Structure formats: structure tokens, C-alpha cells
Amino acid sequence: MFRSATASSLASRFFISINHPRIAPLTIPLASFTNHAPIPANGTNHQLHQNGSSKDDYNRRKQRTAGPLHFIAASSFLSWFSKKSDDENTPESQLITIIKRSILSIQKEEYQKAEQMLHLALKMAQDLQSKDGITYIYDIMANLAMEVGDFAKAEKLFVNVMQRLFSDGFLEDHIKMLHISSKVAHLAQLQGHLDKAAQGFEWTLAKLEEKLKQLGDDNAKEIRELWGITKNWYAQLLMESKRFAEAKQAFLQAYEAYTEIHGMLTEEGLTILNNLSVACSNLEDYASAERFLKEAIALAAQIPDLSEAGVYKANLGLLYLQQGLLRQASEFCTFAWRYGKQHKHEETVQQASYCLEQIKAMEK
């Protein structure tokens, strides 16, 4: 005789909602060394070139690339200094080299080495009285602290960057400020300050939506990307607050924003699909939960060596388990366990093992 699993018996482990600490792009892109002036009050536009690729926006440090921080092609980054001197041994050129090496170390996950180089770069920028360079280095430091999990330090550094931008004349709704606002809200979430995080996300989203209404489609890509990133983080907050219906809607919006820019075959998009399925399962909308997971599994099969593919299989097994479909649950959880072992993905193995243990208990 089979016995059914109660909701409470599965609640503690039902579904993994993959919540990677995704790093949005550097607030001050490398190109900003070419011109740091904001849009002044008289309306003259000196807006900085920004990194429009949200491969940086949505990356986890072990996903898709070697690291979360990519530097833009050196042409725009170096142009300001190259106008001054073609000598590679100038202090400015040496500063640029150290900054580039620090970012490369972050991409290689050599975080201590990156930290040391950034402190050296900061001292050099201070000696050169490079206001732009100092602000930019603080921004990299903040992203690095966020990446390694030192959230309090990251928040302090981001606030420092924001204050420096304010002193340069940037308004609170400038895109650079909104990038920082989104990150600070996410940092509050990661530290468990959910009310503060919610206020930050909602304020940032409102400002971004105002900008989206003002801009045409050709000029809205960066705003749309940041809006999608913020929606995804906000959806994760809503999940923590058990506001599952709102979380589902936010994940849907984040997924639409991400895929319209980067297409369907991305790890980040699949992560959102998985978390969307988790929201549906908490709403007991099992048909939608199954549909989103199957879509993620089908897309994951087209991405080589995707470590999270096993998690999606295990989650589908647990979804079948909750509905008492033991044969289907056993099939998917067994596959996930083998996949996790083969790819040495401990999260998958743990989730699949839990699923198989529950199946055995229900068969007694």
C-alpha cells in the first residue's frame, strides 16, 4: 500500500529554487574613463557609453564564463589616456594595466589576488588624483565583495560609489544610480532585510518603468535589461515572503525581458524558468509547474555540460512525487542522481537522494 506524502513532509525540501548571487554590470563601465560627466541641468547630453551586454548582468561566477565581470574592449576604455600619451610606461597606463589584471583575476576566481591589485590601483589613482579612476575602482571592489559574499562590505562600497556620483552631479534616477539602487536592494535581501529590500526594489522598478515609457524601443535596451534583472531579484524576494502569485508574475516578466534580448538557450533563462516552476508548485498549479520544468529540461539538453540540468530533473521528480506519481518520480529522480554523480554536482545528488528516499517511504 502506498501512502501519500503530506504537504508538510515535502515542504522543507520540495524544489530547489536556484538563487544565484547574480552580479549586474559594473556601475561605472570601463568606457567611462573617456568622459565622466553626467547630463547637466541645462540638458546638454554627455551621457557615458555603458556596457549593454547583460551577459555580465545575469552571470553567476561559475556559469557560462570564467567570471562575472567582463571588461569592455580596451579601445573606448583607453581612449582618454591614449590622447594624453602614447607612452605605455606612463602612470596612467600602469594604472589601466593593473585594473585590467584585477578584473582578469576576478574572472579566474582569484579573489585575494584581485583584492590586492585593486588596493594598489586605488593608491595609484589617489596619487594621480584621478577622481574617475577612484570611483571606478570602488565600484569594482563593491562587485568583488558582492561576488565573494561579503554583503555588508559590498553595500558600504556601493553607497560610497553613489555618493561620489552624486557629488559629480548625477541625479538619483540616472541609470548608474539605478544600477546601484538595484544592487543595494539585492544586498539587503541577501542579508535578510526583506522590508528594506522590497522598498528598494519597488522604488527602482518604478523609476525604470518611468524611463521605459519615455524612451523608444531603440534606446531602451539597457533600461529593459536592468528592469529584468531587478524583476528577477524582486521575484526571489517575493518567494521568500511567500507571495507566490506575485513572484510568478515577476518571474514571467523577468524571463520575457531576458529572452527577448538573449534568446532561449542561456543558463540564466533556464534558472528563471526553474524558479518560475517553483512559484507555480507553491500555488499548487502543477500543470504550469510541469510545463515550465519540461521546457527548461528540453532547452538544457541543447547546452553542453550544464550542471543545473540535473536539478531540473530532480525538481520534476519531486513534482510528480507530490502528486503521488511514484513511477514518474522514480524515473526522473534516478536519472538526476546519476547525472549529479557523473557531473560531480552535489546539489543535484542531494535533491535526487531526498526524492528517492521519499519514494521508498511512500512505498512502505
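Glycine is treated like the rest: Cβ placed from N, Cα and C.
TrEMBL assigns the feature coiled coil to residues 198-225, out of the candidate ranges 86-113, 198-225. Long-range contacts of the coiled coil (198-225) within the same chain: residues 50, 52, 54, 57, 172-173, 175, 178, 181-182, 184-186, 188, 231, 233-234, 237, 241, 257, 260-261, each at least 6 residues beyond the stretch ends and with a Cβ under 8 Å from a Cβ of the stretch. Taken as a whole, the coiled coil (198-225) shows an average pLDDT of 88 in this prediction.
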